[in-house]
Amino acid sequence: MKTSMFLTLTGLVLLFVVCYASESEEKDFPKELLSSIFAADSDFKVEERGCLGDKCDYNNGCCSGYVCSRTWKWCVLAGPWRR
């Protein structure tokens, strides 16, 4: 049952890619498709996110309101549940 669902889903994905490729007149289709899927707005990275998720260590601190996680070594929100 799981195998047939996986094969069906894989077939649908391949059908979508083939249909999209046949309609596309661009020669660098894979690069364009991947760049459109993983495109990110540069303003969103800097202004919205702030320091959340930035790598840190105890010598190199985080922004105001964030602390360096002992476990993962990145900046997380400071709160009463943090030790």
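The backbone N, Cα and C atoms fix where each Cβ goes, and this holds for glycine too.
What Swiss-Prot annotates here:
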type: DISULFID; residues: Cys51-Cys63; note: disulfide bond
type: DISULFID; residues: Cys56-Cys68; note: disulfide bond
type: DISULFID; residues: Cys62-Cys75; note: disulfide bond
type: SIGNAL; residues: 1-21; note: signal peptide
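Annotation for Cys75 (disulfide bond): spatial neighbours Cys51, Leu52, Gly53, Asp54, Lys55, Cys56, Cys62, Cys63, Tyr66, Val67, Cys68, Ser69, criterion Cβ-Cβ under 8 Å with sequence separation of six or more. Remark: of the disulfide-bonded residues Cys51, Cys56, the most isolated position is Cys51 (fewest other Cβ atoms within 10 Å of its Cβ). Cβ contacts within 10 Å of Cys62 (disulfide bond), excluding its own Cβ and spanning all protein chains shown: 20.
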